[in-house]
Amino acid sequence: LLVPLVTFHLILGMGTLDHGGALTERRSADATALKPEPVLLQKSDARSTDDNDKDRLTQMKRILKKRGNKARGEEEHSKYQECLREIRVNNVQQEC
């Protein structure tokens, strides 16, 4: 009983079903209205600067380049710390 009532409402409310275009256009317009607009960032807005107005990303690249192989990533550092804890707890020599 509910299905014929809904179908009848769609036919009268949104246009005829024989064309099909009215329903499709309305749905696509609704979907377009729900899409968020893209945020456009300029390069100056996307990058942060320190107190001396120097680009932090460029400074970090220079620091890492100077350190060379001595620089450790966060994952490598945490793995190293975990290995040291296991050695202390288990009093076992392990290859880190």
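Heads up, the Cβ atoms here are built off N, Cα and C, so glycines get one too.
Here the structure is a predicted model, which means the values were calculated and not measured.
Quick look at what Swiss-Prot annotates:
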SIGNAL    1-24  signal peptide
REGION    28-57  region 'Disordered'
COMPBIAS  44-57  compositional bias 'Basic and acidic residues'
MOD_RES   E75  4-carboxyglutamate
MOD_RES   E76  4-carboxyglutamate
MOD_RES   E82  4-carboxyglutamate
BINDING   E82, E86  divalent metal cation binding site
DISULFID  C83-C96  disulfide bond
MOD_RES   E86  4-carboxyglutamate
MOD_RES   E95  4-carboxyglutamate
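Recorded residues C83 (disulfide bond) and E76 (4-carboxyglutamate) have their alpha carbons 11 Å apart, per Cα-Cα distance. For the pair formed by E82 (4-carboxyglutamate) and E76 (4-carboxyglutamate), distance between Cα atoms is given as 10 Å, rounded to the nearest Å. Reported as a whole number, the C-alpha separation between E86 (divalent metal cation binding site) and E76 (4-carboxyglutamate) equals 16 Å.
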